[in-house]
Amino acid sequence: MWTSQIQAQPQLLQQQQQSQQQPSNLRTLGMTSAISLAGPKQIDYHRTSELQEVLKPYNVFETDEELNHRMEILSKLNSLVKEWICEVSIKRNMPPNVAEQVGGKIYTFGSYRLGVHHKGADIDALCVAPRHIDRSDYFTSFFELLKQQKEVTDLRAVEEAFVPVIKMNFDGIEIDMLFARLALKEIPDTMDLRDDCLLKNLDQKCVRSLNGCRVTDEILRLVPNIENFRLALRAIKLWAKKHGIYSNALGYLGGVSWAMLVARTCQLYPNAVAATLVHKFFLVFSQWKWPQPILLKQPDNVNLGFPVWDPRVNISDRYHLMPIITPAYPQQNSTFNVSISTRTIMQEEFKQGLAVTDEIMVGKATWDRLFEPPNFFGKYKHFIVLLASSSSAEDQLEWVGLVESKVRHLILNLERNQHITLAHVNPECFSQLEPEPDKFCTMWFIGLVFAKTENLNVDLTYDIQSFTDSVHRQAVQIKMLKDGMKIEARHVKRKQLHTYLSPSLLKKDKKNNATSNNTPLHPLNGDSPSAVDGNPGSRKRPSDTPTENSRKKIKTGEENSNQGDDSPRNSIVVHCGDDSNSAEEQGLNVGEERSLPPVSSCPITAKEASGLLHEGFVCT
């Protein structure tokens, strides 16, 4: 059932070489015709072989034994689902011979379904059940059935999530399993979830649960050569993780977004092998004119009433900064969390990736250089350290998950500060150097770039406090907040990092700084973070105060810091002196405001809608 997901092995390169030397008659894929139909040369196969060898030490490939273990686990889960559905059906007075035929099935999606999962990666799965099985059954009787399995550990249900899920460790493999009930009497093993008619009469949670499988299958259908796509995607995912831009929650791109970018590259160069695709990936997206959307096909015209990404109709969609649109109905923007700072950082990484792959393709560098991490801690002189702590390991797991999901809101708060040009969050979290007894603490680091270098005190108290307040409110609302759970933010200069991070880590970072070419960050397409709201005047907040007032405010904060311990102590004033990062140092142009598309209060006519479709849905 899952054998098609086995990744490309080295011997496949020879098979690809033989097949791609023959004339190809590929159908046109994507919104536009291909940029180049040129086939690979011998040197391209050689570069691809080199790329595959370089990837091996990073554990991006599984052995046949490890892959077979995953398939056995999925087979066991599939049998459990059928057994459970049959039992529930009989309890609802269905004849046993009929109950045995109603079926039920486990589908996979995400990196495993795409065939690009790495060693130890989790599996995203979906349990599909017939119409007489409720979601409440899934989170009660099926949950209890899983509890009885000796292979299952760390079992937990998140029923109130945006997409309800059961998480578990099944015989050493982490599994996130969603649930969807179809409006059908039975679920045959041959069912294809790509059929849009299956979405009729379903609730939003079921549609969202089905979306992962439908999108993954559609991506595989829309690439001209799956094996070339997989190897290129493995390389791009590793590069993104090493360069700290792989995190949907923190405002970068997640796995499905990177997959769609690589798939679009494959459409534009349908006959290219993996090494060429990686190079062309950086060529295309270092020059992409955001917010022009990425689409793998013309959006389906399906009218089932579910909300879809459409800037012609939804005003909020016009303000998305880096839209990458899922190819299955209902179409969604997979990069909703991207901010101006994270987009600027990713665009600079695209340019750096192009410079490195240019050298690789002419033999001046090897593929290892593409996967060298940049020097995050050496790039900035000022940091915000965000600390989330609790009293137990179990509480910390929950608390860190909530705080991390909200960090992007802190980035937005900082971007709105008129003195801050860039807020760069590092997706990697760290533990304290000297852990305190009975206290678990996790830290995130945010590098700051300021717009000016004159003596100016920038008060971040308002930005920090509004963020911590929102996290606490959310924790109270979902009844997560427990004694000992705290969140704190501190301003730290680069020379003070040694009190938070190990010398070996900072030394390693300095070494990377000496060997890598760290160029300044430039705003893209003339954008400036100062206009994120589209209204420069709205960026004034109570914390934007002159130097003298800032000094008074920090003094007041110190005086009041001992008046009750219930609220977090987040009074932060940064002195921007000669040692501060500035926009000029970083090459940022802060003089230009970001112009946002005008919003009309009048309804859009059919003629206007047609024009917007042409303008908004063209990918070059």
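Cβ from N, Cα, C; glycine included.
A TrEMBL annotation is a machine prediction, not a hand-curated record.
Annotated features in TrEMBL:
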BINDING   ASP122, ASP124  Mg(2+) 1 binding site
BINDING   ASP122, ASP124, ASP176  Mg(2+) 2 binding site
COMPBIAS  1-23  compositional bias 'Low complexity'
DOMAIN    30-223  domain 'Poly(A) polymerase nucleotidyltransferase'
DOMAIN    228-372  domain 'Poly(A) polymerase central'
DOMAIN    375-432  domain 'Poly(A) polymerase RNA-binding'
DOMAIN    437-509  domain 'Poly(A) polymerase RNA-binding'
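Known features from TrEMBL, placed on the structure.
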residue: ASP122; record: Mg(2+) 1 binding site; Cβ within 10 Å: 15
residue: ASP124; record: Mg(2+) 1 binding site; Cβ within 10 Å: 23
residue: ASP176; record: Mg(2+) 2 binding site; Cβ within 10 Å: 17
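Sorting each residue of the domain 'Poly(A) polymerase RNA-binding' (437-509) by its DSSP state yields 30 helix, 23 strand, 20 coil. Secondary structure of the domain 'Poly(A) polymerase RNA-binding' (375-432), assigned with DSSP and counted as helix (H, G, I), strand (E, B) and coil, comes to 27 helix, 17 strand, 14 coil.
Within 8 A of the CB centroid of the Mg(2+) 2 site residues ASP122, ASP124, ASP176, the other residues of that chain are GLY110, TYR112, ILE123, ALA125, LYS167, GLU174, ILE175, MET177. Geometry remark: ASP122 (Mg(2+) 1 binding site) versus ASP176 (Mg(2+) 2 binding site), CA distance 7 Å. A straight line from the CA of ASP124 (Mg(2+) 1 binding site) to the CA of ASP176 (Mg(2+) 2 binding site) spans 5 Å.
With DSSP states grouped into helix (H, G, I), strand (E, B) and coil, the domain 'Poly(A) polymerase central' (228-372) comes out at 73 helix, 6 strand, 66 coil.
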